[in-house]
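J.: Could you have a look at this structure, given as structure tokens, before my questions?
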Amino acid sequence: MNGRAPQHGTRALHATGRLLSRYWTVLALVAAWGAWVRTQHLNQIVAPTPAAVFGDVLDNPGAYAPDLGWTLLNAAVGVALGMLLGLAGALLVWTSPVLSGLMTPMALIMRSVPVVAMIPVIARVVGFGTAAVLTITTVVSFFPVFVLAGSGLRAAPAATRDVFTVLAASGLTRLRLLLLPGAVPALLVALRLTAPTAVLAAMLAEYLLGTHGLGQLFARSVTFMDPARAWGTALVATVVSVLCFVGARAAERQGTARFT
């Protein structure tokens, strides 16, 4: 028994050291936040302390869960639609140089316009509510998928393409057996890029146009002067975005190992 205690203590120290080495920037940021509130003698209405924000999130999970579910649903559907449309656009560009000349400049123009600037136009076209939120998250997700899927479709090795040419494979066979599997790693990179962004885009759209979600929870908290809830909403959105990135990166690693 006495010999095991030092081993457990050493393992705990090693685990703590790994956590600190990996997440020390987060801890430093929280510490700086608390120090800033205290040294500036800020009122809780202006800036709540980390303890107040974390306490509100941990003590009232039911206040966040329904709106978090809406935001995750909007982000997931938006990413799915954006990936489908982006892949479809990349396939159209691959099939026709004429379509490439038409669609690529349009996609670049869409990407160069800030999302906030598109919100009034989208609201005018599709109205307010869930439709507008889904449209915005889809638009945000479309461009990375369009670009990376197009790059993936053109990334097949020349030797492999020559084999399909020698075998007189049709364009559909070439696409199904060679190009689409080869584009999977690029699609997973696009997923890693769009997954966290879609959560924040959905929250922004909900704040301005929606009726549910973390964006509306933030708006209500600001309106009723509940800063701990407002900052807690931002904290939850940040954590969820990071988790989406981590999950997408894990999927990317597995998919890349499988298809390369």
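Positions of Cβ are set from backbone N, Cα and C atoms, glycine also.
What TrEMBL shows for this protein is this:
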- 68-252: domain 'ABC transmembrane type-1' (DOMAIN)
- 20-37: transmembrane segment (TRANSMEM)
- 68-94: transmembrane segment (TRANSMEM)
- 106-126: transmembrane segment (TRANSMEM)
- 132-156: transmembrane segment (TRANSMEM)
- 177-210: transmembrane segment (TRANSMEM)
- 230-251: transmembrane segment (TRANSMEM)
J.: Between the transmembrane segment (177-210) and the transmembrane segment (68-94), are there at least three Cβ pairs closer than 8 Å, leaving out pairs fewer than 6 positions apart?
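T.: Output yes: the transmembrane segment (177-210) sits against the transmembrane segment (68-94).
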J.: For the transmembrane segment (230-251), what are the same-chain contacts with Cβ under 8 Å, counting residues 6+ beyond its ends?
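T.: Contacts of the transmembrane segment (230-251) (Cβ under 8 Å, skipping residues fewer than 6 from its ends): 47-48, 53-54, 56-57, 64, 67-68, 71-72, 75, 188, 191-192, 195-200, 203, 214, 217-218, 221-222.
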